[in-house]
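According to Swiss-Prot:
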type     : residues                                                       : note
BINDING  : Ala135, Arg136, Thr137, Gly138, Ser139, Gly140, Lys141, Thr142 : ATP binding site
COMPBIAS : 341-352                                                        : compositional bias 'Basic and acidic residues'
COMPBIAS : 663-675                                                        : compositional bias 'Acidic residues'
COMPBIAS : 701-717                                                        : compositional bias 'Low complexity'
COMPBIAS : 867-895                                                        : compositional bias 'Basic and acidic residues'
COMPBIAS : 896-906                                                        : compositional bias 'Low complexity'
COMPBIAS : 907-916                                                        : compositional bias 'Basic and acidic residues'
COMPBIAS : 917-936                                                        : compositional bias 'Basic residues'
DOMAIN   : 122-294                                                        : domain 'Helicase ATP-binding'
DOMAIN   : 360-511                                                        : domain 'Helicase C-terminal'
REGION   : 1-48                                                           : region 'Disordered'
REGION   : 337-363                                                        : region 'Disordered'
REGION   : 642-684                                                        : region 'Disordered'
REGION   : 701-721                                                        : region 'Disordered'
REGION   : 843-936                                                        : region 'Disordered'
MOTIF    : 91-119                                                         : motif 'Q motif'
MOTIF    : 242-245                                                        : motif 'DEAD box'
Amino acid sequence: MPSRAASPALSENEFDITGALFQNDSDSDAETQKPTKRKKVPAAPNVNLDFLGEANAGDSDEDDEAFIAEKQTSANRKSANLKGRTVKKGGGFQAMGLNANLLKAIARKGFSVPTPIQRKTIPVIMEDQDVVGMARTGSGKTAAFVIPMIEKLKSHSTKFGARGLILSPSRELALQTLKVVKELGKGTDLKSVLLVGGDSLEEQFGMMAGNPDIVIATPGRFLHLKVEMNLDLSSIKYVVFDEADRLFEMGFAAQLTEILHGLPSTRQTLLFSATLPKSLVEFARAGLQDPTLVRLDTESKISPDLQNAFFSVKSAEKEGALLYILNEVIKMPTGPTEASLRLKEKGPEDSKNKKRKRAEMERAVNMKESPTKHSTIVFAATKHHVDYLYSLLREAGFAVSYVYGSLDQTARKIQVQNFRTGISNILVVTDVAARGIDIPILANVINYDFPSQPKIFVHRVGRTARAGRKGWSYSLVRDADAPYLLDLQLFLGRKLVLGRESDQVNFAEDVAVGSLPRDGLSQTCEWVSRVLDDDADIFAQRAVSTKGEKLYLRTRNAASAESAKRAKQVVTSDNWTAVHPLFQDEASNLEAEREKMLARIGGYRPQETIFEVQNRRGGKGGKASEPDEALDSIKRVRSTLEAKKKQRAQAEELEATTNTDGAEVDGDAFSDLEGDNANIPDNMSLASESDLEVTFSSYNTTDKASKSNSNSKSDSTPTTLFQNPEYFMSYTPANTSLAEDRAYGVHSGTNANFASATRNATMDLQADEGGKGFGEPRTLMRWDKRHKKYVSRQNDEDGSKGTKLVRGESGAKIAATFRSGRFDAWKKGKRVGRLPRVGEAETPGLAADLGGSGGSFGGKRFRHKSEKAPKAADPLRGDYEKMKKKAEAARERAASKVGGVTSGGKSEIRNTDDIRKARKLKQKRREKNARPSRKK
């Protein structure tokens, strides 16, 4: 038999497919080989060709999946980071190893270049590392964790069990996340469900039975379903805690701990937050495995385009100062805004069209991307201040929106949307409320209440002067806030300019402090006083805000001791009350002298008491009186105080001379430390061990001490220096300010140690009365009649009274109502025997049979529309009369139907509006068809 001709196509063993795999990869070394002549190879009988089976007999399927995923990622990547090659500058999503379908979805959504948080987090997440990301809402953090999730999950799994879990603090944020997942998941068959409070539990039972891939939920409802359905979470590979600081603030810590206990240890956990409270750091240490902290350096620095102005005011002038800044400095217009006028001008037909209305709102948002000179955000201390300022500014005629932590979610969304679309120009918020809001680029930021930490100041003013645009921040500083201002000045490392000490002031590089013009400020203060006298509601709101401020000041962080000492000198100086350099052109020399005179009168303190004045004038009746005992006691106290002042002054002079002599003797020994520690405040001894550990991690104290010791070798140093250079470690660093490190640590270089990285990034915001227990007595008791004793009233408020709380699997207390038996009743009603276990094959069409939405949110549901004749009432039943009346009413309704339309239905007679509308539709059809009328 003649031999068979060789096949023109090469076999799998002779054809190299690497060229086809990497044909678009410019960095691949593989090249397409030319076809070679086929050689005849004699067959080897009884040869076992299963080499892979013998070599990899012990390997698992997970290793194969990891190998395939790695190869596919390298094939998708346009430019690999190989030796001698670097990724292109400004590389987009193509350089991250994403598949083609996901890249198309990203381009369809309008993402061309990744945001900074996306550029930093996505490569780390793709390497299966746990990540703690600090980013505000609006920075693209939602896509930063959704894109890697879709890339990792790829397609729907036929094995039962969810693989992705996203926990959000509110229903609105969960809906927003679901929308992003749906848009980026186009082209895949991934199923996603939304589990939030307020929806039907039975429908959510059907959703979970439909084997979703991604679960987007709030912690309370997801824990309820977990306990009720006895869910097995061992299949989850990807967990995201979105707005984690908000989750802890709303009291979801117990729910998160219980959920975290049921997750597998092999999961990948991501945690995104706007700030990093201490409680969140502890949670991350316990729930994440060697996490990586991702924090943008740009969010920890003040923009160089930001100009700052600090105004010294008195407590009674704060409202007037705020109005003066809005009216005279920002030139804020009063009355309705242009956006609100445009909405009023629209006809009723346009307002009824939802699609057109939504398009107009989106167009308004896009127009708001470039800041106007009137968009302003005002930061207040508590929610009571927010309510008070909102009412006061509304009374002044401004268009205002307000947001605080405990505000209803729907109202919060409406208020923020009004500000974004330009319906209002001013947004009054608290630090807690503004932390995660997607606020557009602003032109002005006003600190009505000065922040207690430099971090919070940076967090506030970081919303303006973005993308190369100019911005202003105005801060009202009282005498009690001066220490915090000096702490901020030390942290920023800028020059402090009081009043008109310098003719040339750079508001972007200096901390310029001064007062507002007295004439304009007095007018606004008089207007505020008149409003408070006329409006009882605003007066009551001010009283409540004053009480809330007292509680806020009790919990506020204390300023440094050195700044408190300097603040006394700064506040008592004449330049503290001088006119701010911002108003230098407006005030003439005569006005400046007038301001100085008013400042002297305002700061006048009498040297004599009323008793001394009366005695000098001859008593109350104008005649000389005998020496009074009160007057004698006052004189004795005054003489004692004057003697103490003299002693203190002499002691200070003696100490100064002693220090001068010591500096001359040991000048060489302390010359090195003196220059380095010139700006170190005195409260450095209060630094904790963690702060010292962070500081000393990049500083070699032994070398520094040995260097100072070598420079100070003399005969007199052994009696002066007490430290042993071999063992002594100084508590102050020689090259950096520890106060700056404590205030805000900008990470640089390696970030391998999460604990040390989070110490500098931790920031706790003061509550704005939104937190439970703020301003309330800690122990509220009530009398328990049954047990004859006092018990805590907190049990009645959080549901822990009696047996309403049970311990979950992790030991945390959860509500006992989570296990109510509704899932068993639902299974019985749906005639479901047993749902598939995790890892088993899913049942096709199970979700549709159970009445779910097929694994998606917002699916169509069956509705009963058929009408049947009512059954006749049974005389033997107890509700015979009731059923008889129902049957008669149903027969009357059926008898009233004429021609299929009820008596209450729409009339078929056309009115003038119907005829006019029909003519318009007919004319539109004629124009659309573009056909001439038929000739008769």
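Residue numbering: from 1, along the chain as shown.
Note that Cβ sites are derived from N, Cα and C of the backbone, with glycine treated the same way.
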Nonlocal neighbours by CB distance (under 8 Å) for Ser139 (ATP binding site), same chain, sequence gap 6 or more: Thr115, Pro116, Ile117, Leu296
DSSP-assigned states of the compositional bias 'Basic and acidic residues' (867-895) in counts, ordered helix, strand, coil: 16 helix, 0 strand, 13 coil
Within the motif 'DEAD box' (242-245), residues counted as helix, strand or coil by DSSP: 2 helix, 0 strand, 2 coil
Tally of DSSP helical, extended and coil residues in the compositional bias 'Basic and acidic residues' (907-916): 5 helix, 0 strand, 5 coil
Assigned conformation of Lys141 (ATP binding site) - DSSP reduced to three states: helix
Summary of DSSP states over the motif 'Q motif' (91-119), given as helix, strand and coil counts: 18 helix, 0 strand, 11 coil
Which of Gly140, Lys141, the listed binding-site residues, has fewest other Cβ atoms within 10 Å: Gly140
Predicted model, mean pLDDT over the domain 'Helicase C-terminal' (360-511): 83
